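According to TrEMBL, the protein has these features:
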COILED    101-163  coiled coil
COMPBIAS  168-188  compositional bias 'Basic and acidic residues'
COMPBIAS  205-215  compositional bias 'Low complexity'
REGION    168-215  region 'Disordered'
REPEAT    267-300  repeat 'TPR'
REPEAT    309-342  repeat 'TPR'
Amino acid sequence: MTSELEVSVWGRKKKTMSTMVYPREEKLDKLSQEEIISNTKLVMQGLEALKNEHNSILHSLLETIKCLKKDEEANLVHEKSNLLRKSVEMIELGLGEAQVMMALSNHLNAVESEKQKLRAQVRRLCQENQWLRDELANTQQKLQRSEQTVAQLEEEKKHLEFMNQLKKYDEDVSPSEEKEGDSTKDSLDDLFPNEEEEHGPGLPHQHSSAAAAAQQGGYEIPARLRTLHNLVIQYASQGRYEVAVPLCKQALEDLEKTSGHDHPDVATMLNILALVYRDQNKYKEAAHLLNDALSIREKTLGKDHPAVAATLNNLAVLYGKRGKYKEAEPLCKRALEIREKVLGKDHPDVAKQLNNLALLCQNQGKYEEVEYYYCRALEIYESRLGPDDPNVAKTKNNLASCYLKQGKYKEAEVLYKEILTRAHVKEFGSVDDEHKPIWMHAEEREEMSKSKHRDSAPYAEYGGWYKACKVSSPTVNTTLRNLGALYRRQGKMEAAETLEECAMRSRRQA
């Protein structure tokens, strides 16, 4: 009976296993993922059927054991049942592995789907990034052209103010009237640039050495705010404050949510918004924002950080525009101390801060301090950036303006001639009988007019000096007009007309 049962059990087991389909081993390495999954499902079905068959056989064996009386036959059946249990365990293990493979396949499909989504997002972001780069390049070009136009207009404004002042002398007004008429204060538009404007991306620094030093000890706009900063500057320059202000406020709100109020990037954003308010003449709101930014930067970066100096300078500019020169002066001095400490006393940025301080003192009539600050700034520019740097000529012009306000016309005349001589040397390389600075030709023409040997061709002696030089620097052009006005004040009308006509032609050609 036992032998017959044994044959029956193993016969059914063999028949069941024969119905299972397995892929050939030599083809496994050539299967695709879909084929592997399909074969795995078939194997799972076979294993499940085999498991059910084994369980049925095992149940039959256990029922048989109960009916057996002989010990030997019972032991044999027990042995067969144990083998069946082990076989069932192996089948269950195989089923578990197949289920793991199916789960792994589903996971890989999900990962592949996510990867495709990410690739689509990357392509979209690349397209948007390229568009933003093109927009930024166009905006930077427009900004540079606007800055050149603004610089030219500022120089013309200064010249008109100077001409208006000298016109009083031509009318032989009394000293008391001169003093009363000299109440007009200098504009602060030429103050040291705001730190946020000075280091904007896409605006190259004039000097590589100064740029390197600024990177070591200066302060730059954080990378995540540069694009936003450029957009705000663009909208503000176009007068679109209805766009620039909400843009700043939204960015400020996002920064405060993610980084907290006391974060350096929040202070930078406050500075940018303050500059927009300042351009709208909302000085009270701008001052509140700048004071808040100053407090944050002092708390997070330290009181001697370049960013603190930048905020102090912005406050000084703001107070200066409101005519509060006494309140602006200590802020400017503290910014100067920080820059000297961080960058060194002979750094070009220190010279710019000295120019700011000199202008504030000049508006208060502190001419001795003005001369000291301008002379020190001039020394820094000439030693660090060279005599041909535009800041040298600009600082000399500022110093000459200080001399004029004190009635030191000879000292002012010397500085104007130095500026024009340097421009001539830079253009022609030397000063000789054939190549003379324009002011020398102007004085020779004055002498000829007095001796009644006036040449009919006004510019024949010095050829096309104004054509060759083109006076591309607004500062040099202003120097021509300022020296011409000074000549007119001295009664040298022919010399004055020569310089003024040269400046006018150069401006038209530029």
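Cβ from N, Cα, C; glycine included.
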For the repeat 'TPR' (309-342), mean pLDDT (0 to 100): 93
DSSP helix/strand/coil residue counts for the repeat 'TPR' (267-300): 31 helix, 0 strand, 3 coil
DSSP-derived helix, strand and coil totals, residue by residue, for the repeat 'TPR' (309-342): 31 helix, 0 strand, 3 coil
